[in-house]
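Taken verbatim from Swiss-Prot:
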BINDING   HIS140, THR141, LYS278, ASN287, ARG296  substrate binding site
BINDING   HIS170, HIS215, HIS270  divalent metal cation binding site
Amino acid sequence: MKSLPIIGITMGDPVGVGPEIIVKTLKNKDIYKICRPLVIGDLKVMEQAESLIRSGLDFRPAGSPEDAAYEYGRVDILPVSDLDPARLAPKTPCAKTGEAMVKYITTAVDYARDNRIQAVTTGPIQKAAVHAAGYTFAGHTELLAQRTGTSKYVMMLAGDKLRVVLVTIHMAVSEIPAHVTREKFIETVEVTGQALKERFGIPQPKMAVAALNPHAGEEGAFGTEERDVIIPAMEHFKGSDIALDGPWPADTLFYHAQQGKWDAVVCMYHDQGLIPFKMIHFHDGVNTTLGLPIIRTSVDHGTAYDLAGTGKADHGSMEAAIRMAALQASNLK
């Protein structure tokens, strides 16, 4: 057991589905065969979630990762906050829960940087609550990058059938062409290639490149970004151990990608990658941040206030995220 990686699982929003899906996931005994799970959150909130799910699990507060027992049936939790669930408005973001969410994340990141845990799996957070607590970062990824001093990082969405990475992430569609640059493309491919080799065990990664424009621009008739930016940037990798294929029109690319033709697809913008990904991996998709000095995976969904407190939230993405964190940690040994 001691040879298995310790995965710090942040609870996410105390009034979202995070606590419930963690309980459901840790009911699966197989999780303890691949890692040592450590919940970083709030003891009372987790006990409330257990009373709803009735999984039969007990929760044991631990003072540190070294103090945890990692025994199936007795979930170890680092109680970073001490909230009173009865005083929290259900399904409602507030500054108190926002502050707690940030503390869960920063605690986990700091333990991972010190190698006291080997990976972090994050539960869903509510950005309005985080902003109400006085923080201005856009989301998990930006906070993780700031906390670890990382300037070059890539968002990957990963599942058994498809992996996608994004050259641009959260911005208006009208702004995308100006941000699809040679420098950003090369950075995205380099970070992704390194992660595929080191964390996914793929020594010579093959990646498809999605075109920005319909029909890959059709010789400039529908845009020139392929001709002027993407294809010249792809030339940078000729002769390297990263093989690039494309740029392919996005309307046909994903049919072949989900059949395993490539190890990842480089997408130019958010919805180009996430729409096909979620069509395939809606219940078991994983968000993992590449380029950080720590391993971070996350569920591929939000706080789901409409399901919070019902016990009906699907835990497939949380289980998949923990499994992927354990895989990456094992490959890095």
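One is the number of the first residue shown, and numbering goes on along the chain from there.
The backbone N, Cα and C atoms fix where each Cβ goes, glycine too.
Shown here: features listed in Swiss-Prot, placed on the structure.
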residue : record                             : DSSP class
HIS140  : substrate binding site             : helix
HIS170  : divalent metal cation binding site : coil
HIS215  : divalent metal cation binding site : helix
HIS270  : divalent metal cation binding site : helix
LYS278  : substrate binding site             : helix
ASN287  : substrate binding site             : strand
ARG296  : substrate binding site             : strand
ARG296 (substrate binding site) to HIS170 (divalent metal cation binding site) - Cα separation in whole Å: 19
Proximal but sequence-remote residues of the same chain as THR141 (substrate binding site) (Cβ under 8 Å, at least 6 apart): TYR153, MET155, ILE169, THR289
Residue among binding-site residues HIS140, HIS170, HIS270, ARG296 with least C-beta crowding, 10 angstrom cut-off: HIS170
Whole-number Å value for how far HIS215 (divalent metal cation binding site) lies from ASN287 (substrate binding site) (Cα to Cα): 28
For substrate, whose listed binding residues are HIS140, THR141, LYS278, ASN287, ARG296, the greatest C-alpha pairwise distance in Å: 20
Proximal but sequence-remote residues of the same chain as LYS278 (substrate binding site) (Cβ under 8 Å, at least 6 apart): GLY285, ASP300
Long-range Cβ environment of HIS215 (divalent metal cation binding site), under 8 Å and at least 6 residues apart: ALA221, PHE222, PRO249
